[in-house]
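Feature annotations, courtesy of Swiss-Prot:
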type	residues	note
ACT_SITE	Glu106	active site
BINDING	Asp10, Asp105	Mg(2+) binding site
DOMAIN	6-187	domain 'UmuC'
SITE	Phe15	site 'Substrate discrimination'
Amino acid sequence: MSIRRVMHVDLDAFFVSVEQAVRPEFKDKPVIVGGKPERRGVVAAASYEARKFGIHSGMPLITAKHLCPQAIFIEGNHQLYREYSEKFMLILSDFSPFLEPMGLDEAYLEVTGFESLHGSIAQMASKIRRRITAELGINASIGIANSKVAAKIATEQAKPNGQCEVPAGEEASFLAPLDIAVMPGIGKKTEQHLKSLGIDTLGKLAALPASFLKSCLGTYAPYLSNAAMGIDNRPVEMPSEAKSISRETTFETDTRNQTFLEAKLSYLSEKITATLRKRGKQTRVVQIKIRFADFTTLTRQKHLGQPASGNREIFQTALSLMNGILDSDRQAVRLLGVGISDFCGPEKQLEIDPAKARLEKLDASLDKIRQKYGFSSVQTGRTYRLKDMF
C-alpha cells in the first residue's frame, strides 16, 4: 500500500508576480498592488522587495507609502490574474486529476502512487515549478507531506521559490519547533492567548492534554491537537460548482451619485451574467447588497418569474432592488454588490420572442469578444460612463 503524499502548490506573491511578468520594468523593485496611496484602500499584494520595508497584505496603502516612499503603486487587474490562475490550474491538472484549488494562487494535489510517472514526488514538484516558471514567468513554492496541513506549512517553509518535502513519519518532528503562528486556523487572538500561556511552538501545542486544550479553544481543539502533529485526514476534494455568483465593490469615496451607482451596478451585473452564461446556466434569484457610509448593510432579493441569463434582465431586476433601498435611505453609499443564485439549465423553447432572441445574440457576441480580447474590450453605453467618473 502506497504511503499518502499530498502536494501544496502556492504561487509566490501572485498578484505582484503577474504584474512583473507582463511588465519586466517592475522586476526586482518594490511593487504594491492595491491602487494609489492617496485613495482609501489596502495593500492587496506586495513584492518581496516591498516586504523588506515591513509592508504586508491588508495594510492601509497610506501606511505602505510612508514605509516605502519609492514603492511602485499599481491598480489590480483581476481579469489578468484570473487568466493566469486558469493557466496555473491547467498545468497542475497535467500532473494529477485530483486537484483542489484554494483561491486563485494555490492548490492541493493528491499525488499518492505517482512516483512511477516522475521518478519521485520531489522530481514531480521540480517539474511543476519549472513549467510554471517557463509558461507563466512566475515562481511557485511547493510543500509535500502526508497531509494537507503539513504540506501547506511545508510550503511556507519553502518560500520563496523553493520546495520542501516532509518525509513520511517525520511530520511531528518537522512541525515541533515551528511557531504556532504558522498553523492554518490559528489567528492573531488565538496566537496571543496561547503564547500568554507559554505555548509558542507546535510541539508544545501537540503535547498539551486534550482536556486543557479544549478548555482553551473549545470544539476546535481536537483538530489543532492532531494538526500540530501533522495528522489531518481531510481528502483532496475536487471543487463542486458554486451555488451562487456575486460581485461587489467598495468605492474610493462614499457617493450618492445615482448615475454612477447605476453604471457600476450595470458593470457588476454584466460580470456575473457573463460567468453565468459561460457555465451554461440560468438564474432564478437576483440579490442586491448596499453598505452605507455608517457601515449599515442592507440586502434585498427577488425571485424571477422565469429563469434568466441576460444582462438586461438581471440588471433591471437589480436596479429595481437598489432603487427600493435608496428611496428609503439616501445616505452616501460605501459598497455596492449584486449576486445571483438558484441556478438551472437553459430552458428549451419552441417559440422565442424576437426581441429576446436579439438580446441573447447580443450577449453571445459580447461574450465571444470579451473571451478573446478581455472583458473591458467592449462596453455598454451605461458602463462606459464610468470612464468619465474617476
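Every residue gets a Cβ built from N, Cα and C, even glycine.
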Measuring Cα to Cα, how many angstrom lie between Phe15 (site 'Substrate discrimination') and Asp105 (Mg(2+) binding site)?
9
Have a look around Phe15 (site 'Substrate discrimination') and count the other CB atoms within 10 A of its CB, chains all included.
27
Note down the number of other Cβ atoms within 10 Å of the Cβ of Asp105 (Mg(2+) binding site), including every protein chain shown.
22
Please report the distance from the Cα of the residue listed as 'active site' to the Cα of Asp10 (Mg(2+) binding site), rounded to the nearest angstrom.
4
The one of Asp10, Glu106 whose CB sees the fewest other CB atoms within 10 Å, among these recorded positions:
Glu106
